[in-house]
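Taken verbatim from Swiss-Prot:
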type	residues	note
BINDING	Arg65, Tyr207, Lys213, Arg333	substrate binding site
BINDING	Lys213, His232, 248-256, Glu297, Arg333, 449-450, Thr455	ATP binding site
BINDING	Lys213, His232, Asp269	Mn(2+) binding site
MOD_RES	Lys87	N6-acetyllysine
MOD_RES	Lys523	N6-acetyllysine
Amino acid sequence: MRVNKSLTPQDLMAYGINDVQDIVYNPSYDLLFQEELDPNLKGYERGVLTNLGAVAVDTGVFTGRSPKDKYIVRDDTTRDTFWWADKGKGKNDNKPLSPETWQHLKGLVTNQLSGKRLFVVDAFCGANADTRLSVRFITEVAWQAHFVKNMFIRPTDEELVDFEPDFIVMNGAKCTNPQWKEQGLNSENFVAFNLTERMQLIGGTWYGGEMKKGMFSMMNYLLPLKGIASMHCSANVGEKGDVAVFFGLSGTGKTTLSTDPKRRLIGDDEHGWDDDGVFNFEGGCYAKTIKLSKEAEPEIYNAIRRDALLENVTVREDGTIDFDDGSKTENTRVSYPIYHIDNIVKPVSKAGHATKVIFLTADAFGVLPPVSRLTADQTQYHFLSGFTAKLAGTERGITEPTPTFSACFGAAFLSLHPTQYAEVLVKRMQAAGAQAYLVNTGWNGTGKRISIKDTRAIIDAILNGSLDNAETFTLPMFNLAIPTELPGVDTKILDPRNTYASSEQWQEKAETLAKLFIDNFDKYTDTPAGAALVEAGPKL
């Protein structure tokens, strides 16, 4: 069998990259390990070996995505379909870019990559062969090649024989755009997409997550237009084949809660839902490591070994890691191939239709209950609201928990109007007879975060059906159905009012939060379907 290892400099000339010295094509993990630790490397290119066997790298100034530097070329392909930042009521990061400015940025990146020794990784985004993207990543930095090898689906030798990329990602992290002011851009850094050319360009930021979330944004454009749900969620499957999906923004518990020794992991962040069921977009996991401990999260801790890649953690002189140190960023991370988790769906990361849909929120106000069972209209309302507290460090400039509303629990990655995702999800849920729940992994009136132990017991009660059979009462103002008791959960925390010195204190905070919900949802009331959902939200 002949594997296409003969990618040549001529192949890269088609993208505008010239005079390439050498191409390291689909490097092995062993080769990447050597490359990352090369003592001749300088600055952010150079990795450090930790006592756990994983290499740690520093992503520079950018320790999270830079949404203000995200652009989409507005042309005939995207003009009438994309959810644009400069149109309508919704707030998003999809800023339009002219084809002329795109060509300038492309010239900067191709000039940066020309004449260099390059790493090229061919991989898939999407576990379903019918709808996956074949993506070619081009970078001059070994650890960035390692990151995409971890995070995307690694092709077999057979699949590489006739691999033809649908999408090209050119990472020019070392170059910046000096003409940004004249071009009306946000800064010298850029993360730009062209749907006509099927290409992503990166300049100025070293953060690996831009490649991961960039391809997620593209799947979020392509799949819903085919009637396939594209979801910012984790997913797992039980022994009886029962599938659960966990929606939530960064830091709300998607990775932690879906990594469950009693269930097999489908994936931890990005999934589709088609006629056959739920499938992963990725071939790896990207877990937060701040305050990580072997006791609280053994599966994730044990996944940090050779071939895992740590980002922005503090490594002591003896190679040990201080997971409690957030001085560089609270958004410390590790990427690892999904098979570093023992209990995964094999050989392909997909399963049947979901019957449990869990919305994770981290409520900084301490108003919402740890768990509530949603009606069909409440499901749509809370999906479109996407409320959480924005947690420290996943974006630049955010260091304290602040409340935020992110449509579909992932507005930063949406390419179409949020209602299109809600419509597709609801159709899939109705066909599967799925039930939705709102789970608060954040804070309560004590000012303490709800414990992982209690949250895990709540998830168990959802998955084993005991929550559906529990007696419930209704929380005023938010009209949420709350169980009176659940196995293994401290009954006192189920009603958030009980965690305050007085119910008046809860009432005061609840009114503040309810008003935020109502004001946020106003942007959906310009359609009859959106206006009809107002009744499912909080009432003052």
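Our numbering is plain: 1 for the first residue shown, then up by one each step along the chain.
Using N, Cα and C of the backbone, Cβ positions are placed for all residues, glycine too.
On the structure: features taken from Swiss-Prot.
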{"residue": "Arg65", "record": "substrate binding site", "DSSP class": "strand"}
{"residue": "Tyr207", "record": "substrate binding site", "DSSP class": "coil"}
{"residue": "Lys213", "record": "substrate binding site", "DSSP class": "helix"}
{"residue": "His232", "record": "Mn(2+) binding site", "DSSP class": "strand"}
{"residue": "Ser250", "record": "ATP binding site", "DSSP class": "coil"}
{"residue": "Thr256", "record": "ATP binding site", "DSSP class": "helix"}
{"residue": "Arg333", "record": "substrate binding site", "DSSP class": "strand"}
{"residue": "Ile450", "record": "ATP binding site", "DSSP class": "coil"}
{"residue": "Lys523", "record": "N6-acetyllysine", "DSSP class": "helix"}
Response to the item:
Note on Mn(2+): the CB centroid of Lys213, His232, Asp269 has further same-chain residues inside 8 Å, namely Lys212, Phe216, Glu270, Gly410, Phe413
Fill in: Residue pair Gly248 (ATP binding site), Tyr207 (substrate binding site) - Cα distance, angstrom, rounded
21
Worksheet item: For the recorded positions listed here (Lys87, Lys213, Lys254, Arg333), which one has the lowest count of neighbouring CB atoms within 10 Å of its own CB?
Response: Lys87
Practice prompt. Pop the Cα-Cα gap between Lys254 (ATP binding site) and His232 (Mn(2+) binding site) into the table, whole Å please.
Written response: 9
Fill in: recorded positions (Arg65, Lys523), the one with most neighbouring Cβ atoms at 10 Å
Arg65
Worksheet item: Near Ser250 (ATP binding site), how many other Cβ atoms are within 10 Å of its Cβ?
Response: 27
Discussion item. Whole-number answer please: how many Å between the C-alpha atoms of Tyr207 (substrate binding site) and Ile450 (ATP binding site)?
Written reply: 30
Response to the item:
Lys87 (N6-acetyllysine) falls, by three-state DSSP, under coil
Fill in: By Cα-Cα distance, the member of recorded positions Lys213, Thr252, Lys254, Lys523 nearest Lys87 (N6-acetyllysine)
Lys523
Response to the item:
Same-chain residues at least 6 apart in sequence with Cβ under 8 Å of the Cβ of Thr256 (ATP binding site), in sequence order, are Ala287, Glu297, Ile300, Ile452
Practice prompt. Between the Cα atoms of Asp269 (Mn(2+) binding site) and Lys254 (ATP binding site), find the distance and write it as a whole number of Å.
Written response: 7
